[in-house]
Amino acid sequence: MGDDSSASYIHMVHHLIEECIIFNMSKEECMEALSKHANIKPVITSTVWKELEKENKEFFEAYEKRREEKAVQEGDKSTGSKT
Amino acid sequence: MLAVSPLRNTAAAKDESQEQMESYSSIFNGEFPDFSDGNLLESIDFDDLFVSIDDEQVLPNLEMDPEILAEFSVSGSGGEESDVNTSVSNEKVEDNIHDRKDEEDRFSGSGLDSKILSERDESVVVNPVLPDKYGEKGRKSSAHAKNNSNQGRKKVKVDWTPELHRRFVQAVEQLGVDKAVPSRILELMGIDCLTRHNIASHLQKYRSHRKHLQAREAEAANWSQRRQMYGAAAAGGGGKRDISAWHALTMGFPPITRPMHHHFRPLHVWGHPSMDQSHMWPKHLAHSPSPPRPLPPPPTWHPPPPPPPDPSYWHHHPHVRVPNGITPGTPCFPQPLATRFPAPPVPGIPPYAMYKVDPGIGLQTAGHPGHSPLVDFQPSKESVDAVIGDVLSKPWLPLPLGLKAPATDSVLVELQKQGVPKIPPSFA
């Protein structure tokens with residue numbers, strides 16, 4: 001029983017993290033967003049994120065790379081927090 | 001088409017050519033080329049070819065590639081036709097023309113290159129813009145008045161190459177667009193084959209085009225504002241998954257941003273059809289709705305979890321705006337948007353608007369006005385909020401990216417290491 005809800009919860013966090021990735025967020029930004037909007041403890045977000053990273057290494061590597069490039073591109077324009 | 005067309009190739013077909021040349025003697029004014037050394041090309045004075053053709057009637061005012069024209073002019077020059085046959089640069093042509101001045105009226109026994117001829121065949125009807133452009137003043141010897149627009153006899157079309165136009169723009173900007181006077185521009189450009197008249201008409205076009213561009217930029221600003229309003233009204237778009245995908249597409253689709261910068265650079269390559277960017281936009285727009293990434297459905301479809309024992313689990317986030325207020329009739333926003341984009345009167349605008357406003361489009365829940373500035377391509381809080389709310393309220397929805405899920409156990413173990421004994425954490 002507890003497993004089910006845990007699994008569901010993890011799945012939900014996973015889903016939310018994917019959405020954050022669509023927003024091109026960093027892990028930290030994601031933690032903040034989920035904590036703020038979904039009341040998910042940052043540690044949980046961070047853990048699930050890391051686990052996802054382990055399972056999807058290539059994706060996350062590419063993702064990071066893209067983010068870096070974008071950050072460089074938009075470095076002078078960006079006014080918000082874009083880590 | 002000029003009658004000369006059948007003129008064929010070189011030394012081998014000289015006799016044939018000779019015959020044909022003979023038949024065109026009227027055109028050549030009775031002057032005969034001597035085809036002995038196979039350089040017919042040099043000897044042909046194209047002026048004379050045109051002589052019998054009535055200025056006004058036969059030759060329409062066509063704009064011509066300088067390259068093709070150059071091949072015409074080259075005909076009189078000495079021995080360079082081999083280069084000219086393929087790609088003629090303006091500079092070469094100028095040289096050739098100057099050379100030609102010496103041999104204008106003479107057929108000095110050169111062979112005519114078939115290639116030149118065949119091209120001449122197609123384009124022969126063009127009016128001799130060339131001489132005017134390249135400062136060929138020496139054609140006076142022929143009765144061909146139209147060559148000398150310098151003398152103001154006939155308006156000859158100038159081919160505004162990118163290079164030429166660039167110099168023009170430079171000169172104009174130096175003087176100041178409003179103060180740019182054709183005569184001054186002419187001086188600054190320093191190309192003596194342009195007349196003040198050419199400059200004047202080009203300037204007129206340039207100015208009107210600039211106004212047009214400025215109007216479009218103003219439109220862009222309006223559009224982006226309107227998009228924000230629409231975003232608020234759309235209110236989450238009925239909760240369709242497409243929203244986040246749509247959003248994702250535009251947000252995570254880098255190529256969209258670049259053409260937009262390019263588009264708003266003023267008049268960089270105005271006038272050249274290949275660079276007409278208003279044609280580009282619809283393509284981009286047409287592409288953007290179609291997912292560059294594999295979209296949700298099957299791969300990671302998780303069967304809907306059994307109803308959680310704790311119903312409040314899904315609804316215990318009071319501050320999360322769950323778009324329950326959206327009636328089923330709410331149109332799915334992205335679709336109408338998608339079809340709208342190609343349509344607006346100013347085709348260049350929508351991608352710009354998308355760029356600016358997109359994070360807020362269709363992702364805002366009812367009752368939440370889309371007032372976020374959205375200057376940069378950043379997710380607005382509202383849109384993040386909306387998306388998160390969506391996920392929370394509809395756990396059965398497929399994962400947008402379909403990443404491989406970690407094993408529950410390993411996550412739990414990790415969490416316990418971090419001091420989180422169980423999830424979902426029990427707080428109210």
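Just so you know, the numbers here start at 1 and follow the chain as drawn.
Heads up, the Cβ atoms here are built off N, Cα and C, so glycines get one too.
Automatic prediction, not curation, is the source of TrEMBL annotations.
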Region 'Disordered' per TrEMBL - which of B:281-304, B:305-328: B:281-304
DSSP helix/strand/coil residue counts for the domain 'HTH myb-type' (B:152-211): 38 helix, 0 strand, 22 coil
Predicted model, mean pLDDT over the domain 'HTH myb-type' (B:152-211): 84
